[in-house]
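Reviewing the structure listed below.
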Amino acid sequence: MKYRIFKMKYTLLFLSVIALVHIFAVEAKDEPESDALVPQERGCLDIGKTCKDDCECCGCGNVCYCPFDWFGGKWQPFGCSCAYGLKYVCAHKQKKCPNV
């Protein structure tokens, strides 16, 4: 008898957790996606986001870093991403980029 009550309690607890997870999943789907900003709509990209130019990265000292930037050009087989730059980057970006 005790085993049956014990089993029933844990079954109800498990079903309650499943129902709670389902409710949060449904609420997440119902939120409008129009409020979400697309990276192109924002003025700049955060650290770690894929970029093509220094001007796309947020902040005065952040740069578009290409770890495998071979031959000095912007040919990057593995892509570039926004990263923290050095102090002189800020002066360079202010000359180059209108949005800094």
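Here the Cβ of each residue, glycine as well, is placed from N, Cα and C on the backbone.
Listed in Swiss-Prot as the disulfide partner of C51, from the options C44, C58, C60, C64, is C64.
Within the set C55, C57, C58, the cysteine that Swiss-Prot bonds to C82 via a disulfide is C57.
Looking at the candidates C44, C66, C80, C90, Swiss-Prot gives C44 as the cysteine bonded to C58 by a disulfide. Between the CA atoms of C57 (disulfide bond) and C80 (disulfide bond) there is a gap of 11 Å, rounded to the nearest whole number.
C58 (disulfide bond) has its Cα within 10 Å of the Cα of none of the disulfide-bonded residues C51, C66, C80, C90, C97.
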